[in-house]
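Q: This is the structure I want to talk about, given as C-alpha cells.
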Amino acid sequence: MSKLYFSYATMNAGKSTLLLQAAYNYQERGMRVVMLIAAFDDRAGQGRIASRIGLESEAIPFRAEDDLHGLIERLNGDGSGEIACVFVDEAQFLGEDQVWQLARVADRLGIPVMAYGLRTDFQGKLFPGSMALLAIADELREVRTICHCGRKATMVVRLDGRGKVMREGAQVDVGGNEKYVSYCRRHWDDRMREG
C-alpha cells in the first residue's frame, strides 16, 4: 500500500534539498516522478523548486482550486509512463481538500506522495495544509535544524524590511532568509516579546 508522507520543519532546515534528493533517487533509476509547488511561490521562478545549496528542478505549479488527484490521474495515463512518486514542496500551502486529494492518490492510484513543508507560521499557528497533513498523513517526519543557541529550532520569526520582528500580518508571505529566522521556542518567545 502506498502512503502519504509529511516531512515538516521550520525554515532553513533543508526540506527542499531532501525533496530534490529523493526525487533524483527515483529518476536515477529510470522512474517517473511528478513534482508540485504552489503557483504563487515563484522565488526560484515559476514552476521551479530550488534549495539554498543550489539544487533545483522544474515542477508543476498548482493553484488553490486545482484537483490534484485528477491532475495526477491524468498524468499517470498520458502515455509517458507510470508515475512512481509524487513530491510536493511547500506543502503548507495546500488546501485541506487538496491534502485529501493527495491521500486518494496514495490510496486509490497506489502512488506514494511525499509532502514537505512548514508546520507553523511566524505566529506559531498551523497552516491549513500542515494541519490536514498532520491529521491524515500515514507517516510524519520531522526535519531538524538548529537555533543560534544550538537547541532544536521549531519556530520562525518574520522580519520586516528594516529587520524588525513582525507580530501581525497575513499568514502567507513568501520569502527567504532575508525575511524569516528560525529559533527554538524560548528564543522565538523572546523575539516576539521584544519592545
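Sequential numbering from 1, following the chain as shown.
Just so you know, glycine gets a Cβ as well, placed from its N, Cα and C.
Found this in Swiss-Prot, in case it helps:
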type     : residues                                                                          : note
BINDING  : Ala9, Thr10, Met11, Asn12, Ala13, Gly14, Lys15, Ser16, Asp89, Glu90, Ala91, Gln92 : ATP binding site
ACT_SITE : Glu90                                                                             : active site, proton acceptor
BINDING  : Cys147, Cys149, Cys184, His187                                                    : Zn(2+) binding site
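Give me the structural setting of these features: burial, nearby parts and distances.
A: In this structure, Lys15 (ATP binding site) is part of a helix by DSSP. Of all Cβ atoms in the protein chains displayed, 23 besides its own lie within 10 Å of the Cβ of Lys15 (ATP binding site).
Annotation for Glu90 (active site, proton acceptor): spatial neighbours Ile37, Ala38, Asp41, Tyr116, Gly117, Leu118, criterion Cβ-Cβ under 8 Å with sequence separation of six or more.
Listed in sequence order, Ala153, Ser182, Tyr183, Cys184, His187 are the same-chain residues at least 6 apart in sequence whose CB falls under 8 Å from the CB of Cys147 (Zn(2+) binding site).
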Q: Let me check the 10 A CB neighbour count of Cys184 (Zn(2+) binding site). How many other CB atoms are there?
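A: Within a 10 Å radius of the Cβ of Cys184 (Zn(2+) binding site) lie 19 other Cβ atoms.
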Q: Using C-alpha atoms only, work out the spacing between Ala91 (ATP binding site) and Cys149 (Zn(2+) binding site) and round it to an integer in Å.
A: 28
Q: Judged by the number of other CB atoms within 10 angstroms, which among Ala9, Met11, Ala13, Ala91, Cys149 is the least packed of the binding-site residues?
A: Cys149
Q: At the Cα level, what's the spacing in Å between Cys149 (Zn(2+) binding site) and Lys15 (ATP binding site), rounded?
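A: Each residue's Cα considered, Cys149 (Zn(2+) binding site) and Lys15 (ATP binding site) end up 21 Å apart.
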